[in-house]
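Below is one structure; the comments refer to it alone.
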């Protein structure tokens, strides 16, 4: 056995030397040098100071500007809300525990951090699925003339939270569990043990199939179809230039958000899958810590991409930050608003 299993923890180190200690009661400096824990704490601090303001700013700006409250933007606000929850209830725990070198908040703090990290990550993933399907319906028009309404957007948001809860809640009630992972200062579902009491194997198979493979496959299918349709429409000049431009802008923005999410989560999911399918294989706590902490950047990627690529939101954000006097002026925001509205109600050619 290449690891040590205890009450509510699994450490990827044999206890033959007697070094292993509970991550809830003792510093874990035998897993890595103290400076590496401080480096993780600094990394989490950066995610907090960038992630919290930009996610909250997204919510505030959308609340202040009525023209941003379009059906397409509902799901983007949902992403920002999920990111805010991750920062407040997850990142702060990881920051503090990395700073002190162990899971100082105990099993309850571990469960809280693991739950909110899983919940936020799943809301983000399923929000991107809803975005992909919405773009597919509007641009590829498989349903003919279709207008994406506020009711559709709210149903999409409800769907994202239902799916996220169906993944994050079971470990709270005995189907799997949340354990410290990596250098034992952040937490996630139990991929490591075969404890029959928690039915970990069935949960991990369910999670990978229903909450990773299916949504990622859906995203790739819809965007593959979407890219082909946009290229064909541009070649045939089937739609107005402003509509084509707006479709390209929105599509580029959402594709980058998807790539950002995959960039953050695929390394973690891949490493967790390797651990699950190679039970007993040796791996270091530091090797697991890197993808586990890197996955948390997804809470920062999406709002940054949204701010950089959405001219309408950028104009409204500057308007808010400069107390009602946007340096870009009103002409650009008006033209962008018109094009975005046009995209949401495109009829078949």
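Here the Cβ of each residue, glycine as well, is placed from N, Cα and C on the backbone.
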I'd like to check whether residue 20 and residue 281, as annotated in Swiss-Prot, sit on the same side of the membrane - that is, whether they share a topological domain name.
yes
Let's see if you can do this one: DSSP helix, strand and coil counts over the topological domain 'Extracellular' (1-36), in that order.
6 helix, 6 strand, 24 coil
Measuring Cα to Cα, how many angstrom lie between residue 15 (N-linked glycosylation site) and residue 187 (disulfide bond)?
21
Cβ neighbour count (10 Å, all chains) around residue 15 (N-linked glycosylation site) is 14
Average pLDDT across the topological domain 'Extracellular' (100-113)?
95
Looking at the disulfide-bonded residues 110, 187, the one with the fewest other Cβ atoms inside 10 Å is 110
